[in-house]
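Colleague: Summarising the annotation, TrEMBL assigns Fe cation binding site to His123, Asp125, His178. TrEMBL lists 105-205 with the feature domain 'Fe2OG dioxygenase'.
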Amino acid sequence: MSAILEVKTAVEGFRLWPGALDAQAQTDLVDAVFARLEAGPFYRPQTPGGRPFSVQMSNFGPLGWVSDPVGYRYQPTHPETGRAWPDIPPVLLDLWDATVGEPRRPDACLVNLYREGAKMGLHQDKDEADLGAPVLSVSLGDAAMFRIGAAQGGRTTTLRLDSGDVCALTGPARLARHGIDRVLEGSSRLIPGGGRLNLTLRVAGISPR
Ligand SMILES: O=C(O)CCC(=O)C(=O)O
């Protein structure tokens, strides 16, 4: 993979590589995602309170993040098909190595599909066994307004994530509150059926350093 350029952000530990994936790499990654969907189809999880998410989800890897009235957790199987999640596309593991410099390899990749009107409220990623490892996020398709603020509360910062951008929650930003306020519908034609795909790589299980 060629060198990818990181830019400085206003939030300590929030790392951003704009345009890390070029147009061909984005197309190839979308193909890799959709090729895996037969084995791990999108579904619409429920919050622990019983409300459906507006985002559709699937996962790749040995573990997948799920939410239902029992709560949030990682599990090795798809909640609707009962099948193991498909493997993580190898190009995402290369991207992990090229960006976050973290020796532990991700064992979970949450796949979020934002169709018309979908968004994601401010939250923290804290269901992983070891909160020391970063979370790496890849944006594909329509641009989105991403909001981030410190774990302990206070003001938030909003920035636009475009297709091919890669960002990470590391160090002091690992538990940052973050979410998607709005997707700029029709700003890209990359995703079959329209919308935005987001892939987040996590070290979810107990993996020794
Ligand atoms: O879609 C995004 O960029 C954010 C996704 C996210 O916050 C998450 O999956 O926890």
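Note that Cβ sites are derived from N, Cα and C of the backbone, with glycine treated the same way.
Describe the structural context of these features.
Modeller: His178 (Fe cation binding site): 24 other CB atoms within 10 A of its CB, across all protein chains.
As a whole-number mean, the pLDDT of the domain 'Fe2OG dioxygenase' (105-205) in this prediction is 97.
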Colleague: Return the count of C-beta atoms lying within 10 angstroms of the C-beta of Asp125 (Fe cation binding site), excluding that atom itself.
Modeller: 20
Colleague: So which other residues, same chain and not among His123, Asp125, His178, have a Cβ within 8 Å of the centroid of the Cβ atoms at the Fe cation site?
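Modeller: Not counting the recorded site residues, we get Leu122, Gln124, Leu169, Ala176, Arg177, Gly179.
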